[in-house]
Amino acid sequence: MASISQLIRNLLDRPGSANISPFQRVATQAGAHEDRLKELDELPPPRMGDLPEFCAIAREAARRTLDERPFDVQLVGALALLSGQVAEMATGEGKTLSGAIAAAGHALRGRRVHVISVNDYLARRDAEWMGPLYEALGVSVGWISQSSTPEERREAYAKNVMYASVSEIGFDVLRDRIATSADDLIVPEPEVALIDEADSVLVDEARVPLVLAGAADPGLDSAETAELVRRLSRGYHYELDDQGLNVFLTAKGTDAVERALGGINLYETPEVLTQVNLALHAHALLTRDVDYLVRDGRIQLVNQSRGRVATLQRWPDGLQAAVEAKEALPASETGEILDSITIQGLIRRYPEICGMTGTAVAVEDQLREFYGLKVAVIPPNRPNVRVDEPDRVFGAVVDMRMALVDEIARVHETGRPILIGTLDVSESERLADDLRREGLECVVLNAKNDAEEAAIIAQAGQKGTITVSTQMAGRGTDIRLGEGVAELGGLYVIGAGRHASSRLDDQLRGRAGRQGDPGGSVFYVSLEDDLITQYAPHESLPPADDETGVVRSKRAGYIVGHAQRVAEGTHLEIHRNTWRYTRLLETQRAQVLEQRDKVLRGEAGGDALAAARPQRWEELGAEVGDAVLREAARQIVLFHLDRCWTEHLGFMSDIREGIHLRGLGHKLKPIDEFHREGVAAYKQLLEEVERRSIETFETATITADGLDSEESGLKRPTATWTYLVQDNPFGSAFDRALKNLVTPRSKRRQSLDD
Ligand code: ADP
C-alpha cells in the first residue's frame, strides 16, 4: 500500500529517476534469511520468483567464495540492474560485485547476459574475479579479448554470462555479417546487455562507428594537398569559428587554392574540395600530442574523453589519410567499408539493457531519450566525506601552472598522496617536467597498457606519492589509502583544467573519498583554457586580484560553469542529430540482416531463384543435384546481398555528406530529404539484389563441385579487417552543416543571389 510519504517521494522524484524504495525493501527482507543460510552446508538453488531469497543466497555465496559480504546498497544496485535500469553508484562502492549478482540473476531467469566492460583487461579481470561466485550460483561465465580465437569466442558466447569490451562484441557482430556458412557464425541472438561505465558507452561513445572493411584499391595521394594547405595562412586564407571546431576557406583562400591547382573551380570538383577540406582540417584543427601521437611511424589517436591512446581506432578514411600526409607518414591501408554499426546501434539490438556508472544523473535525459532507460541513484554504503573545494581560477595559463606546482609542493611536504588529472597527454608530460624541475618525483600515466596502468594507479594512495595521469587512465581500479594516509586527509585529487563534461570532472574527483575514506579535490582553471575560449568566447573576463594571477570574482566560477554547459549542450545536439540520421540506416540494416539470415540458414535464396528461372533450375538440378544447387544459390544471393549493402552504405554516406549543399536550393529539410532518398534507395536495393542474383544465376558456372565463384564474377574481398572510427571530435562536414556554418559556397551563393 502506498503511504502518503511514498506518494510525496514519488512526486519529488526527478523525472526519469527511478524510485529505489522497493529495492530497499527487498534488500532489507534479504537480511531475514541471512542467519538461516549461513548454517547450511550447501546453498539452495536460487529461485528468481523470490527476490529477497535470491539476494540472500547471492550474498551468502559472495561471502563464502569472495570473502566479501555485499552491503545492502550493493543489493539495491543489483536489483536496479535486474529491473533494466542504470544504477548510479559512486567509485569504490563495489559495482563489480553488484553487476555480477545482477548478471547471475538475469542468467537464472534464463537470459544470456553480455557484461560490457571498459576494456579487455577489465573484462578478463572481472570474469575471473567473480568466477567463484557465479559457480556457486550455478551460472557459467566466460570472457573474450582481442586475441581470442574464433573457437574461444564461440565457447565464451555459449556461457550464461560473458564479459567483453564493446568493440570485441561489435567486431564479432560485423564479422558474422559476412559469414557464408551458418557454421561460421559466432554471436548468438542478443538478450541482455549489462554495461559497465554506462555513460561512457551509451552517451560519450554512442556515435562511434565500428567498421568492417575489405581490401580495395588504394585512395588518392594526399601529400600534395597537405603541402598546399601548409602554405595557407589563418585569418587570410582560412578562418576558424569561435569555438575552434570548424575551419573554412575564405574567398581569398578559395582563389589561392584554385590557382595553385591549375585554375580549377573547387565547387565543380567535389572530390578535390573534400580533399582540401580534409587537409585543412588536419592542418588547422588537429594538434599533434593533443589529438594524436606519432609513434613508430604511425598515427595513434588520443581518445579525448579518456585522455589515452585509442587503440585500434582511426578517423574516417579521408581524414586519416590527411593527417598521415600532414605528418609526412606513408598512407595506411584504406579499404572499402563492407558494413558498419554505431555503438548505439549495437547496444540497441539487445532487448534488455541495464548499466552502472558513477555518473549517470547528468545524462539521465539522454539515457531516456536514446535507450528508454531510467537512472536509479544508489546511496553510498558510507557517507562521502570528501572535501570538494571551489575551483581556483587564474587569468593566464602560466599563472595557473605556477600555482599548481606550488600547491603540489606544499601538500607533498606533508606526505599526503596527490593525484593530478590533466586534460591531455602533452599536458601530463609538461607538468611532470615542471615538477621534476622543482625536485618533485612523480609517476606519469598515459597511454600505456591497461594492465600496467591499473597496477600503477593502485599505488596512488601511498604516502608521499605524486601521480600525474590523463583523466581516465587506470579506470576501474581501486585506489586504497596507504598506512597513515587517512590522518593526512586521504588522497588529494587535483584537476588541471576542467573537462568539456562535468561528468568527467566528477569521475576524477571520485578517485578520492571512496567508501567513506577522507579525501579532497580541487580544480585549477585558467580563463585561457580551451573550454573557456571555445565555449564562452564572448564573456567579459574579470581581472586578476593580485600578482599571482588568481581571479577570486564569483563571475569567474560562473563563466567556467557556463562554458561547460554550452559544451555539453553542443555535444548533445550533435548526438541527437547524428542519431536522426543513423537510425534509418540501423533499421534498414536490421531488415537486410533478417533477409540474409533466411538465405544463410534457410532456403530463401534457392526458392527465389527456382521461382524466377524454373527451367534453368530444373536443368541444373538434374545435372548437379539439389543440395549442390541450393548451396550455389545461397552463395549467389549472399554475395549480391552483401555487395548491394556495401554500395548502399556508400551511397547513403554520400547523400548525408552532400545533403546540406543540395539542401540550400530545396524546400525540404535536410533530414526529410535524407529520409526520402534513403527509403527510395533501400527499395531499389532489394530489387537490385534480386536482379543481379538472377543475372548471375543464368550465367554462373555450377558443376557437381559447386559454384565457381571466380568464374561467375563473385569475388569477395581478399582480406577484411575491423576498426573503430574515432569520431572526428569536430564533427563531420555534415555536423558542421547542422550547426549552420557559413561555408564559402553559401557565401558565394548569397552574393550571386544578391
Ligand atoms: P567500483 O567499480 O564501484 O569503483 P569495485 O567493484 O572496483 O568498485 O570495488 C572496489 C573495492 O571494494 C574492491 O577492492 C572490492 O574488493 C571491494 N568491495 C566491494 N564490495 C565489497 C564488500 N561488500 N565488502 C568488502 N569489500 C568490497
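A Cβ is built for glycine as well, from the same backbone N, Cα and C atoms used for every other residue.
Feature annotations, reproduced from TrEMBL:
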DOMAIN    1-557  domain 'SecA family profile'
BINDING   GLN74, GLY92, GLU93, GLY94, LYS95, THR96, ASP478  ATP binding site
DOMAIN    76-271  domain 'Helicase ATP-binding'
DOMAIN    403-557  domain 'Helicase C-terminal'
### Task
Check GLY92 (ATP binding site) against DSSP and tell me helix, strand or coil, would you?
coil
### Summary
Surrounding the recorded ATP site, with Cβ no more than 8 Å from the Cβ centroid of GLN74, GLY92, GLU93, GLY94, LYS95, THR96, ASP478 and those residues left out, we find MET89, THR91, LEU97, SER98
### Task
Return the residues near LYS95 (ATP binding site), defined as same-chain residues 6+ apart in sequence whose C-beta is under 8 angstroms from its C-beta, sorted by sequence, else 'none'.
GLY77, ALA87, MET89, ASP196, MET356, THR357
## Note on the structure
Going by C-beta under 8 A and a gap of 6 or more residues, the same-chain neighbours of THR96 (ATP binding site) are ASP126, TRP129, MET130
### Task
Please find, for GLN74, GLY92, GLU93, GLY94, LYS95, THR96, ASP478 as listed binding ATP, the greatest distance between any two Cα atoms, in Å.
16
#### Entry: Distant-in-sequence Cβ neighbours of GLU93 (ATP binding site), under 8 Å, six or more positions away
VAL73, GLN74, GLY77, ILE378, PRO380, ASN381, ARG514, GLN515
### Query
Taking all residues of the domain 'SecA family profile' (1-557) together, what is their mean pLDDT?
88
### Message
Let me check the 10 A CB neighbour count of GLN74 (ATP binding site). How many other CB atoms are there?
### Response
29
### Query
Across all chains shown, how many C-beta atoms besides its own are within 10 angstroms of the C-beta of ASP478 (ATP binding site)?
16
### Query
Using a Cβ-Cβ cut-off under 8 angstroms and a sequence gap of six or more, which residues of the chain neighbour GLY94 (ATP binding site)?
GLU68, PRO70, PHE71, GLN74, ASN381
